[in-house]
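Notes to accompany the following structure.
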Amino acid sequence: MMLAEHEVRPKGSLNDSEKGDCHSRSPLLRKKMSVKELALPSASSGRGTFICRLNTFKLKEIFTWQLLKTLAMGQGLSLLICGTAITCQYLAERKVETPMLQSFMNYALLLLTYTTTLSFRKGDGNILHILKTKWWKYLLVGISDVEANYAVVKAYQFTTLTSIQLLDCFVIPVLMVLSWIFLKTRFKLVHYVGVAVCLLGVGAMVGADLIAGRDQGSSSDILLGDGLVLISATLYAVSNVCQEYTVKNLGRVEFLGMIGLFGTIISGIQLSILEYSALTQISWNWEIILLFGAYTVCMFLLYSCMPVVVRLTSATAVNLSLLTADLFSLFCGLFLFHYTFSGLYIVSFVVITVGFITFNTVPTVLPAARPEHEDEGSPNSSASRDAAVTQEGEGIESSLEVEPCEHTWVTEKNTKL
C-alpha cells in the first residue's frame, strides 16, 4: 500500500511549497507559530476544513478565565446598580425624591478619595498640570455624566417604565458608533450578533413587566419623557467612551479624580437651584440617613470598579453586562416589594448572559498604526509594522493547540486593547 507524502515524511519537515508559505508570513507571526503548526498540510476541500475545525474546537477555549472573570465582574456591577435602585425605592416610599443630592454625595466622595490622591502626585500626574492642559475636556465629561443621571431620573415623571427600559438600550448602538469613530474600534459580525441577542433579552424582560402589570411611571408627556431617555443614553455613551479612552491611556485615578471634581461642582450648583425646597422638607431620621449612606456607597463602588472592567474589556461590553441590573432589581423586589413573578424574567436573564458571552468570545480589533515615515523600498518596513502591532496591544498570541489534521488552521488572537 502506498502512503501519502505527508504521512511518511519526518516530523517537523517541510516541502518546498510549505517553506514558501512560511517565509511569506510576517516575522512576528512566524515567531508565534510553532514548528508543528507550520508543518500541517493544507486542506484542499471545504469539507476537510469544517471537520478539522470541529476536531480542534474546545469549550474551554471559549469559556476562558478572562471571560469568566469579566462576566463575574460585570454582574457585580449590576448588583451595585440593583442596590441603588432598592435604596431609591425605599427613599421614594418615605417621600424623599432628591436625585441631585444623591449624585452630589457620590461625586463628593469621589472628590475626597481620588481628587485628593491626584493633588499629592508629582509631575504630569499632578492635578494642577491636568487642569492646565485638559480642564475643559474633563468639564465636558463631567457635564455629560451629571446630566445623564439627572435626565433619566426626570424621565420617570413623564413616561412609563417600559419606555425607559427599552429606550435606555439606545446607549449601546451609540457607544458602538462613537467607539468606531473616536477609538477606532472595529467590531466583527459576532459582536453585532451578541448585541442583538442581549436586546432580545431586554425585550423578554419588558414583556414580563407588561404581563406582571409593572408598567409603572407617568404618561403625562410621553414624548418629552422618551426624549429625555434618549438624551440620557447619548450622554452616557459620550461619558463611557471618554472613560474607556482615559482609563486605558491615562489611568483610572485620573478619570475618577477629575469626574469627582467637576461632578461635585456641577451637581452642587444644580442642587442649590433645583432641590433647595425639597431638602428643607425632608424629615431626617436614622432610616433616611442609612438609606442615603447605602446609596452613596453603592454608587461610589460602581464608579470605582467600572473603570477596572472597562480596562479589561470595553465600554460596550460593560453596558451589555449592566442590562441584567433591572432583573436583579426585580428578583429582589419579589421579596421586598412583593412583585409578581414571571418565567420570562429567567428567560431574559439567560438570553442576556448568552449575548454577553457571545460578544466577548472574540475580542474587538484596534488597527495598528502605520509608521508616519516609511519608505516603500525599506527592508525594515515590515518589521516596523510588526512593531506597531506589538505596541498597540500585547502582541499576537496563539490561542489554540492545533492537533494534527489535514488542514492548516492557525488561530490568531486579536491584540488586546
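Glycine residues also receive a Cβ, built from the backbone N, Cα and C atoms like all the rest.
Just so it is clear, the model here is predicted, and its values are computed rather than measured.
What TrEMBL says about this one:
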COMPBIAS  1-24  compositional bias 'Basic and acidic residues'
REGION    1-25  region 'Disordered'
REGION    370-398  region 'Disordered'
TRANSMEM  164-183  transmembrane segment
TRANSMEM  190-211  transmembrane segment
TRANSMEM  223-243  transmembrane segment
TRANSMEM  255-276  transmembrane segment
TRANSMEM  288-310  transmembrane segment
TRANSMEM  317-337  transmembrane segment
TRANSMEM  343-362  transmembrane segment
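By the Cβ criterion (distance under 8 Å, sequence gap of 6 or more), the transmembrane segment (343-362) is counted as touching the transmembrane segment (190-211), at least 3 such pairs being found. The transmembrane segment (223-243) shares more Cβ pairs under 8 Å with 164-183 than with any other stretch in the list 164-183, 190-211, 255-276, 317-337.
Remote same-chain residues near the transmembrane segment (317-337) are listed as 70-71, 74-75, 77-79, 81-82, 85-86, 89, 165, 169, 171-172, 175, 194-195, 198, 201-202, 205, 209, 214, 240, 306, 309-310, 345, 348-349, 352-353, 355-356, 359-360 (criterion: CB distance under 8 Å, separation of at least six residues from the stretch ends). Sequence-distant contacts of the transmembrane segment (190-211) (same chain, at least 6 residues past either end, Cβ-Cβ under 8 Å): 161-162, 165-166, 169, 172-173, 176, 316, 320, 323, 326-327, 330, 342-345, 347-362, 364.
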